[in-house]
Each structure stands twice: as structure tokens, then as C-alpha cells.
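Features of the protein shown, as given by Swiss-Prot:
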COMPBIAS  15-27  compositional bias 'Low complexity'
COMPBIAS  36-46  compositional bias 'Acidic residues'
COMPBIAS  280-295  compositional bias 'Basic and acidic residues'
COMPBIAS  323-332  compositional bias 'Basic and acidic residues'
REGION    1-55  region 'Disordered'
REGION    121-187  region 'Disordered'
REGION    259-332  region 'Disordered'
TRANSMEM  205-225  transmembrane segment
ZN_FING   63-111  zinc finger
Amino acid sequence: MPCPRLPWLRRHRTSQGSGPSSPSTVSAPNSPSRGEDEDAEEEEGDGTPGSGPILPPTSPMECLICVSPFDGIFKLPKRLDCGHVFCLECLARLSLATAGGGDAVACPMCRAPTRLAPRRGLPALPTQPGLLPRDARAPLPRQGSVRFDRRRGLLYLRPPPPSPGPRKSRTVRAPPPPPPLRLGRPLSRRLSLSSPAWAFNAAVALAVLVAAGLVVSGVYIFFLIPHVTNSGVRPQTVALAPENDFWVSPRPTPVAPWTHAWTRRPTKPDLDLDDTLPEATKDTPELEEATKDPVETQGIPDLPPDQTPKAEIDLNWNPKAQADGKKVQLQQ
């Protein structure tokens with residue numbers, strides 16, 4: 001790789017050439033100095049990238065980026081169109097960090113683009129077997145091909161298809177392939193808050209949510225609520241039976257209200273009135289008077305309540321007279 005000269009060193013050389021010179025330089029004032037010729041050649045060489053001589057690395061067996069030795073799997077030495085050689089893993093990481101679809105890769109040294117195969121990608125770049133160590137130059141038996149999945153950021157080894165030979169040759173087991181190498185997600189799939197794609201996606205998602213909310217609200221207001229109010233269906237209450245351990249007091253049975261009723265008392269002469277209650281004896285005259293025949297009472301003169309006929313007292317027929325007689329006897 002060419003090493004460009006610093007600009008202040010160039011100014012220092014030109015100033016030295018323009019200063020007071022020896023008498024030999026006075027005789028030829030128009031002749032350019034040697035330093036100016038070198039600067040002009042370097043400026044012409046820096047005009048086109050990659051046109052200068054390529055400086056070899058400190059060790060030809062190491063990558064210029066990761067400074068790791070090459071191997072025959074993921075550290076394969078791949079040469080770009082500009083002539084620089086890097087390992088496959090570093091080129092894969094560079095492709096993931098580059099925006100775009102991965103159709104080309106730029107050289108990290110001279111920025112020269114290198115077109116890649118449409119479906120094969122980075123593993124299809126030419127390999128430099130001369131930079132591999134001796135143990136990696138020998139082809140391994142039944143070794144698969146290295147694949148690069150840019151969408152998943154995965155570098156893996158694809159196993160070879162089974163050989164159509166006899167079964168005895170298949171018994172020789174090949175060494176297990178190395179685990180796939182995850183390199184990260186591509187730059188085009190990484191969403192950041194500052195990227196315009198993220199803002200656009202957020203705006204679209206918000207618009208979709210607002211539209212869905214308006215549609216659901218309209219269906220609920222204009223269809224569901226009128227249907228419920230117009231329908232005569234009402235929620236029915238169902239009486240559930242209580243549990244076995246739950247006791248409910250029984251309801252009191254309604255009782256008819258008590259009404260005062262007069263009962264007719266038998267009027268037999270052999271009835272002992274001494275055993276009856278005094279309250280009942282007071283009501284008996286009224287009942288007897290009510291039971292008398294109006295024809296019989298027509299010929300009997302009205303007497304005051306204290307006077308009773310003598311015949312009734314002698315015959316003990318009138319219970320009231322009998323009670324009055326007993327009172328008179330007690331008073332005497």
C-alpha cells in the first residue's frame with residue numbers, strides 16, 4: 001500500500017527550493033529541483049486509487065484487518081478486484097456493516113468496490129491457497145463448502161452430499177463440522193430511533209390502530225346498542241337452591257284475624273251453673289231474651305231489672321233471679 005507524504009513536509013521542501021540558493025542554482029533558475037519532481041510523481045500516483053504498488057503485510061499468513069492467521073474454514077484468504085487479500089470472516093462482517101443488499105463490497109484499504117455473484121456471495125471470491133499454512137493446504141476428506149447467510153448474519157459450513165459409493169466406504173466418519181459463526185444482523189435490518197424508516201413504520205402503525213379503534217366504536221354504537229334496546233329480552237333471574245349446610249328460617253304461615261263471635265249456650269234445667277265462669281253468667285240473660293218467642297213476650301209486662309216474678313224464683317227457672325236470690329241470702 002502506498003504511503004502518501006504529509007502536506008507540511010511538501011511545503012517545507014518547496015520553501016527550501018525557493019529560498020536563497022548557491023551560485024550553481026542561480027545559473028539555472030528555471031530548472032525544477034529533485035524534491036519537486038518526487039512530489040509531482042506522488043500526486044499523480046495518488047490520483048487513482050489502487051494504482052500504486054501494494055505493500056505486502058508484515059506476515060503474508062495473516063489478515064490485514066484482524067491480524068489472524070488464515071485457515072481453511074472461516075479464515076479463507078479471499079482476494080478482491082483491487083488486489084487486496086482479507087479473510088472471509090472480516091469480509092462478511094464488513095458486508096453486514098454496509099448498507100444495501102450485499103451485492104458489492106468495498107475494500108477497506110482503497111475503497112474500490114468489488115461486485116459479488118448474485119447467489120453465491122462472498123464465498124465465491126477467488127481464494128489464495130498460497131497464503132494458507134501447510135497443514136491447511138492439504139484438502140480434507142469430505143469437507144463441505146462454506147456458506148454465508150447475510151439475512152441472518154450467519155457463516156456456516158454446509159456438509160457435503162452423501163457419496164454414491166459402497167456402504168463400506170461410508171463407515172469412515174468425517175470429523176464433525178465446526179459450529180456456525182454468528183456475526184450479527186445486517187445494517188439494513190437494524191432499527192434505530194434516528195432512522196426515517198423507524199419513524200415511518202411508527203406512523204403507519206399508529207394510523208392503523210386509530211382506524212381499527214374507530215371501526216370498532218362505530219359498530220358498537222350504531223349496531224350493538226340499538227339492537228339491545230329494541231329487543232324485549234330481559235335478563236332472567238334464576239333462584240338457586242341453597243347448599244346443604246346453609247339453613248334458612250321457614251316463612252311464617254298466615255293466620256286469619258280473630259273475630260268476636262257469640263256462641264249459643266244450652267238452656268237445660270239440669271245444667272250446673274256453679275261450675276261456669278262468672279263472665280259467662282252475665283251474658284246468659286241477653287241470650288235467653290234473644291231466644292224467647294216474641295208471641296210469648298207480648299203478654300208479660302215489662303218489669304225493672306231488679307224485680308223478677310215470684311214463680312220464677314220458686315221454680316229456679318230464671319238463672320238471673322237465682323243469682324240475685326243468692327246475693328240477698330248472703331247479705332242477710
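For all residues, glycine too, the Cβ spot is worked out from N, Cα and C.
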The DSSP breakdown of the zinc finger (63-111) into helix, strand and coil residues is 9 helix, 10 strand, 30 coil
Mean predicted confidence [pLDDT] for the zinc finger (63-111): 85
